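What follows is a short report on a single structure.
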Amino acid sequence: MGSSLLPDLGTQILIPVCGVIGIAFALFQWVLVSSVKLSPAGGRDAANKNGYNDSLIEEEEGVNDHSVVAKCAEIQNAISEGSTSFLFTMYKYVGIFMVAFAVLIFVFLGSVDGFSTSHQVCTYDATKMCKPALATAAFSTISFLLGAVTSVVSGFLGMKIATYANARTTLEARKGVGKAFIVAFRSGAVMGFLLAANGLVVLYITINLFKLYYGDDWGGLFEAITGYGLGGSSMALFGRVGGGIYTKAADVGADLVGKVERNIPEDDPRNPAVIADNVGDNVGDIAGMGSDLFGSYAEASCAALVVASISSFGINHEFTAMLYPLIISAVGIVVCLITTLFATDFFEIKAVKEIEPALKRQLIISTVLMTVGIAVVSWIALPASFTIFNFGTQKDVANWQLFLCVAVGLWAGLIIGFVTEYYTSNAYSPVQDVADSCRTGAATNVIFGLALGYKSVIIPIFAIAVSIFVSFSFAAMYGIAVAALGMLSTIATGLAIDAYGPISDNAGGIAEMAGMSHRIRERTDALDAAGNTTAAIGKGFAIGSAALVSLALFGAFVSRASITTVDVLTPKVFIGLIVGAMLPYWFSAMTMKSVGSAALKMVEEVRRQFNTIPGLMEGTAKPDYATCVKISTDASIKEMIPPGALVMLTPLVVGIFFGVETLSGVLAGSLVSGVQIAISASNTGGAWDNAKKYIEAGASEHARSLGPKGSDPHKAAVIGDTIGDPLKDTSGPSLNILIKLMAVESLVFAPFFATHGGLLFKL
């Protein structure tokens with residue numbers, strides 16, 4: 001077997017040091033962003049390496065600089081306050097749920113052995129005695145709460161940074177598109193690095209503290225750690241669904257009345273829903289996305305650690321090899337740090353057409369560098385050969401095989417990213433075809449958009465299938481878990497380019513509301529169109545990694561529940577399979593309907609204000625923004641509970657009444673159908689959005705023949721975009737949490753289901 005080259009002390013130093021580097025780099029980027037002043041006098045002399053000596057556009061056009069900056073600061077303040085108050089309201093409700101669910105975990109897991117405090121026989125080795133089930137119950141509850149709090153903090157910090165940076169991006173756009181890009185990208189990097197480093201450091205500290213109690217019982221230790229993934233994802237579910245309903249109710253309401261009925265531009269300050277719309281970008285796309293990817297990362301790590309603890313790493317107590325998943329993530333932070341410098345310091349962006357290539361370069365550079373990083377880590381952190389638990393037997397694996405498992409996940413992520421980009425960016429023919437179909441009205445636009453979404457599923461599914469086959473062939477379920485970690489190893493870069501989108505979107509909104517020149521709006525629009533595509537790429541990553549993570553968790557669950565084979569031909573399993581495949585549709589129906597009913601209230605309120613406030617259309621009276629913000633907040637808090645309950649209760653109901661075989665069918669079914677719907681929903685929505693932007697920008701002869709804003713093809717494109725909103729920002733992204741969360745919840749409760757489950761079949 002041999003031991004790894006990296007000593008245990010090296011691991012104890014390497015992981016926290018990389019985490020601290022990540023946090024320090026995030027703070028450094030934040031300091032650079034804050035050098036852009038939101039007071040009229042600053043901002044001029046901040047000409048660093050990327051500085052331009054151009055005069056500001058305002059100076060050319062003789063607009064009063066002071067009033068513009070003050071207006072930007074005022075709007076930013078309103079968006080920040082709205083976002084903070086919504087998140088606090090949501091966390092209040094979610095906090096109650098968190099405490100209740102923590103009690104449930106403790107009671108269910110404690111009852112496995114009748115709340116006994118004496119040692120029990122180990123699950124996987126009958127010759128040894130392990131810590132009592134009550135200890136696992138207590139420690140699982142603690143790690144659940146830790147995961148939940150880390151997830152909430154990740155989302156909240158991301159939102160704070162985004163609302164801090166949006167107006168600064170707008171002000172920098174006066175100096176040139178390159179300056180604005182750098183502020184938006186740096187702010188995204190702050191979120192990416194904070195989240196990646198926090199997730200790693202908290203998990204690492206938790207493992208070390210739990211080890212003080214568990215000692216040599218690593219099976220029990222890492223089983224208790226799975227609560228961390230459950231906590232992370234359950235918070236992400238409410239963040240994604242609640243934030244998604246909030247943002248899309250406001251967006252749909254603002255678009256339908258403002259653009260289609262009243263013919264005023266997007267983000268026009270006369271539109272009452274405009275502040276709610278911009279708040280929504282921060283609470284849905286930033287806070288929700290942050291919690292979501294944190295959840296994926298926590299679960300992939302937990303799945304890998306659980307399988308490793310019952311393989312030779314855990315049996316022989318090889319600490320460095322055991323923490324291989326964490327070392328990958330630690331090296332990923334350093335790789336992403338180097339990658340980020342390529343966007344902010346090594347290359348300068350001077351023209352609009354350089355924005356998207358710069359963001360794509362980030363993906364390629366991080367993937368190439370990470371491949372080298374994984375090779376080095378696999379060489380120094382793993383023994384030359386070892387065994388991996390494979391459904392009751394131990395499988396011999398060499399360290400180069402594990403390297404290939406991680407690498408195949410990493411490159412599958414890149415492929416999914418690029419395919420997503422091809423189908424959602426208006427630089428390529430699929431979106432241009434959708435835009436062209438608007439000539440004959442909204443119906444053809446909808447038909448083309450749906451077809452594009454279904455078609456965009458093909459290559460990502462093949463990429464996921466290949467990575468599953470390769471990684472499972474080499475290293476069984478552990479291989480799949482580390483493939484998911486490979487896909488998420490560049491999470492800091494992925495989040496940076498993802499958070500960049502909503503920040504640019506907000507910057508454009510602020511420019512419009514502050515009445516800045518149309519040339520600035522053109523620059524922020526260009527940043528935003530690239531941001532739309534990167535958001536779609538981010539969703540692609542989230543969905544791809546969710547598929548691998550939930551399969552790995554499924555494997556860990558099957559092992560933990562002592563199921564040897566999942567036989568589709570037995571009725572118990574098949575009914576689970578068919579019901580599981582239905583769940584993503586049920587869940588999507590709930591979230592779509594919620595957006596629809598909240599948008600209905602919003603449309604009525606916006607119409608009421610336009611009809612009853614005298615001087616609103618003329619711009620002499622101010623709209624009542626607060627009422628629209630309240631409508632979105634109330635609707636999302638109320639509507640997020642049923643879909644959340646569906647996901648959280650399904651595994652419990654199925655496990656308790658129908659047993660572990662049926663539950664394994666439900667998990668497999670929801671995974672298979674959920675991934676397909678999630679990819680097609682996200683890409684359909686992204687394509688409709690960019691088809692609309694393609695017509696609005698009028699950058700090519702073809703686009704100009706469809707425009708300008710307000711033309712019939714443009715109105716058809718706006719309707720498509722509005723239908724796509726809940727698909728791409730509520731249902732699609734929430735589905736990846738559904739498939740992961742049900743799997744991780746089943747894993748945490750597996751001991752209880754295996755002991756007391758299947759009541760109906762015992763009658």
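Note: Cβ is positioned from N, Cα and C throughout, glycine not excepted.
Straight from TrEMBL, the features:
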type	residues	note
TRANSMEM	13-33	transmembrane segment
TRANSMEM	93-112	transmembrane segment
TRANSMEM	132-159	transmembrane segment
TRANSMEM	218-238	transmembrane segment
TRANSMEM	321-343	transmembrane segment
TRANSMEM	363-388	transmembrane segment
TRANSMEM	400-424	transmembrane segment
TRANSMEM	445-470	transmembrane segment
TRANSMEM	476-497	transmembrane segment
TRANSMEM	541-563	transmembrane segment
TRANSMEM	569-587	transmembrane segment
TRANSMEM	640-660	transmembrane segment
Interface present between the transmembrane segment (640-660) and the transmembrane segment (363-388) (three or more C-beta pairs under 8 A): no
The transmembrane segment (541-563) vs the transmembrane segment (400-424): 3 or more CB pairs under 8 Å: yes
Listed stretch, out of 132-159, 400-424, 569-587, that has the most CB pairs under 8 angstroms to the transmembrane segment (218-238): 132-159
Of 93-112, 132-159, 321-343, 476-497, whichever stretch has the most CB pairs under 8 A to the transmembrane segment (400-424): 476-497
Long-range Cβ neighbours of the transmembrane segment (321-343) (under 8 Å; 6 or more residues past either end): 4, 6, 11, 14-15, 18-19, 21-22, 25, 29, 182, 185, 189, 192-193, 196-197, 199-200, 203-204, 207, 218, 297, 300-301, 304-305, 308-309, 313-314, 358-359, 361-362, 365-366, 369-370, 373-374, 376-378, 381-383, 386, 402, 406, 481-482, 485-486, 488-493, 496
